[in-house]
Amino acid sequence: MTLKKLSYRLAAASALSFFVTSNAFAATEIQWWHAMTGANNEVVDTLAKEFNDSQKDYKITPVFKGTYPETLNAGIAAFRAKQPPAIIQVFDAGSGVMMGAAGAIKPVADVLKEGGYTFNKDEYLAGIVAYYSKPDGTMLSFPYNSSSPILYYNKDIFQKAGLDAANPPKTWPEVFEAAKKIKTSGAAQCGFTSTWLTWIQTENFAAWNNVSYGSNENGLGGTDVKLAVNAPLFVEHFQAIADLAKDGTFRYGGRTSEAKQLFMSGECGILTESSGGLGDIVKTGMNYGIGQLPYYEGHGPQNTIPGGASLWVFGGKSDAEYKGVAEFFHFLSQTKIQSRLHQVSGYMPVTIAAYEETKKSGFYDKNPARETPLLQMMGKPPTENSKGVRLVNLPQVRDIMNEEFEAMLAGKQDAKAALDKIVERGDAAIKQAAGN
């Protein structure tokens with residue numbers, strides 16, 4: 001062999017060795033599709049960076065995919081194209097959709113077990129675990145940003161309107177009267193607004209007031225569900241909102257979280273919104289207060305049901321990716337991470353240890369209202385009306401509701417007509433989706 005040939009072979013061997021070594025030590029990339037915006041998007045990026053910096057084997061890559069419904073639809077499309085991410089954040093309404101796609105997902109309990117971690121559901125808050133588990137108790141998804149709807153109010157606007165800024169309204173009639181006073185006094189352009197008329201004013205309204213949303217325990221007992229949201233209490237509530245909308249005392253912001261901007265801008269004095277919206281409200285520097293979700297005397301308060309979203313794992317991934325997912329979920333479960341996530345975002349800690357650590361630190365003593373979402377959810381044992389809502393097509397049913405609510409708020413129909421149409425259209429859609 002000539003010296004020249006030997007030189008070529010040594011160079012080739014060296015290059016091959018470098019290629020193999022580089023690939024052997026390359027971090028396994030794990031895509032995490034999510035729907036977080038604003039302050040909560042910053043939290044996502046921070047968590048990914050902290051996990052990536054803590055080890056060298058795996059790299060979490062967060063990818064923003066739009067609103068909650070847009071992210072779910074993107075995930076479904078990616079699965080059909082055989083290119084899904086390893087992890088996808090799915091909002092509460094999409095849980096039934098994911099549970100119905102058994103072959104598409106890998107239960108998080110299995111991911112953790114195969115990754116070498118013992119999953120003990122007793123370490124997690126019971127109400128949250130139950131919402132994301134099969135009837136046999138198998139945990140299907142990882143509860144990332146669980147939330148509860150609460151009332152926010154602008155203390156400065158309350159003072160201008162002659163309202164007691166230290167005592168937010170507790171019942172819905174009190175909210176409506178306060179909203180009227182804010183409007184008529186000129187303290188703000190609008191008295192009251194709400195995000196998520198479906199999740200807050202319908203699903204949680206039913207649970208918090210202990211009235212039925214639908215048959216079969218709101219879908220938790222089976223897929224054959226008949227909606228019950230045209231019952232008298234719903235009609236009374238939505239007619240009150242429709243009446244307030246006529247002169248702008250109630251202002252509609254949109255189907256999801258858009259109304260939060262009406263509150264943060266000072267346009268509206270009262271807002272019902274997810275506890276997870278706290279981060280953005282804090283960033284405005286406004287003088288805000290927090291109260292529990294309002295209720296009707298003689299009905300509530302019972303308990304709220306979790307909102308927010310959980311992290312689902314798609315099937316068909318490599319062992320290395322699943323190991324990385326298990327490591328990431330273990331990282332997220334750490335008490336210090338959960339405590340911090342709760343304190344900076346307003347989302348609820350998913351583990352009992354994180355809740356107890358936050359309580360022990362004195363955080364709630366300094367910020368008593370921040371415990372409100374947890375106390376609402378854990379205050380009473382759930383009834384068949386308040387365990388949750390699980391429909392195979394809940395996003396579709398929410399769309400139907402939003403269409404009818406928007407027609408109602410535009411003055412095209414009253415609350416009774418809107419709710420009757422929701423039941424008629426919703427029942428037909430559920431029957432078709434469930435194959436009954």
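Each Cβ is built from the backbone N, Cα and C atoms, and glycine gets one as well.
Annotation comment: Swiss-Prot describes 1-26 as signal peptide.
Sequence-distant contacts (6 or more apart, same chain, Cβ under 8 Å) of G308 (sn-glycerol 3-phosphate binding site) comprise F91, D92, P143, Y144, N145, S146, S147, S274, G276, Y347, M348. Positions annotated as sn-glycerol 3-phosphate binding site by Swiss-Prot: Y68, D92, S147, S274, G308, Y347, R398.
Cβ environment of Y68 (sn-glycerol 3-phosphate binding site): A35, V90, F91, A93, G94, T256, A309 lie under 8 Å away, each six or more residues apart in the same chain. Around the Cβ of D92 (sn-glycerol 3-phosphate binding site), a 10 Å sphere holds 23 further Cβ atoms from the protein chains shown. DSSP assigns R398 (sn-glycerol 3-phosphate binding site) to a helical segment in the three-state reduction. For the binding-site residues S147, Y347, the largest tally of other C-beta atoms within 10 A is found at Y347. Counting only same-chain residues six or more apart in sequence, the Cβ atoms lying under 8 angstroms from the Cβ of R398 (sn-glycerol 3-phosphate binding site) belong to A93, T198, W199, R255.
Taking every pair among Y68, D92, S147, S274, G308, Y347, R398, the residues recorded as binding sn-glycerol 3-phosphate, the greatest CA to CA distance is 23 Å.
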